[in-house]
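What TrEMBL records for this protein:
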| type | residues | note |
| --- | --- | --- |
| DOMAIN | 5-157 | domain 'Mucolipin extracytosolic' |
| DOMAIN | 260-396 | domain 'Polycystin cation channel PKD1/PKD2' |
| TRANSMEM | 6-24 | transmembrane segment |
| TRANSMEM | 172-199 | transmembrane segment |
| TRANSMEM | 229-246 | transmembrane segment |
| TRANSMEM | 258-280 | transmembrane segment |
| TRANSMEM | 300-322 | transmembrane segment |
| TRANSMEM | 368-389 | transmembrane segment |
């Protein structure tokens, strides 16, 4: 048959382009939003292999695999003209589906978002690059249709809004963002200064310990000098400063990096709330979570590295064997997501049921594959993962009752008491407490 079901489907779609263009022509009257058609026109492109012959009855194929692309442009003034109908009836739309790769329809729309006025902000102007793609790359009789729309914010050129409240509200928000940037910048400088002084003190302590006791300080004691909360605050401050600057530019309608801005501000907010746990750590009961995470983290990382090798093996195996028979195993990313869902007990029956039974050998292999993966990861690996954390929790509970093991650093602190220094500091005026003296390097405060 020269005209398959997919061919009839695409043919009908192409005949509806004329109606589609009329809709665009009257877009201002029928759209719910403030949308208008840009003057660049409608662009229709088809990509196909170069000419050849195909005779399925004789199993004969003669085709050039190099591709060619043809395009037709319809200007706005042609949408209501008979020239558009002539172009639609041209040989451009005589599609040969055995060599057709894809058909792409692209057009641009512009719009103005007025809902921001209710939030006492200036309106936004947008440009939409819309693309409709009929994908026939698989040549399987099923043509997939995709719609993609890229949005770009633009500056509204000639706007007149008679409301001084909008201007004042925008200025207040920009002033508040500037205040946030100033606070984060101050915090960044102070935390960075603390980290630098801690590293200097660490180096002096390592050299002193090596000269006096003729042995090196272990890595655990060296890490005691670096406050992890300060590192978290530094990362959060940097992300907040960059995100606030982007937010100010977006408010001023100079940028449209919404995704980058939201990721930076959202992640920095997460780090800020995680940092609140530090203050709960001063209470012994609430400090169990932090100490358990700190004690179990090295073991968990090593365990995840070993389990990850097995996980990657199952991922590649499922992609290679089950890819042609199951939509969840078509590519590596989908396979990894499917297996992770199975580990958490999600969508198990659907994964079993959707495997096609065209090949008995593959169907039996899929059962062995899924049963072994679920049994291994849920009943063994996941249980061991929980056991590692539970063991660290029990260890921390025992340490809180009987006392934590004393390291070389703690022994050194006991032998070198700084009571005399603290006594001298009591006579210093309050304003001088912010000063740093040279003897401060000999003090170590460990939370």
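If you go along the chain as it appears here, the first residue is 1 and each next one adds 1.
Cβ coordinates are placed from backbone N, Cα and C, and glycine is handled just like the others.
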Q) Residues sitting near the transmembrane segment (258-280): Cβ under 8 Å, six or more positions beyond its termini, same chain? A) 229, 232-233, 235-237, 239-240, 242-244, 246-247, 250, 286-287, 289-290, 447
Q.
Short question: most Cβ pairs under 8 Å with the transmembrane segment (172-199), which of 229-246, 300-322, 368-389?
A. 229-246
**Q.** Same-chain residues near the transmembrane segment (300-322), Cβ under 8 Å, at least 6 residues beyond its ends
**A.** 329-332, 335-336, 338-339, 355, 362, 365-366, 369, 373, 376-377, 381, 384-385, 388-389
Q) Can you count helix, strand and coil residues in the domain 'Polycystin cation channel PKD1/PKD2' (260-396) using DSSP? A) 113 helix, 0 strand, 24 coil
Q: Take the domain 'Mucolipin extracytosolic' (5-157) and average the pLDDT across it for me.
A: 70
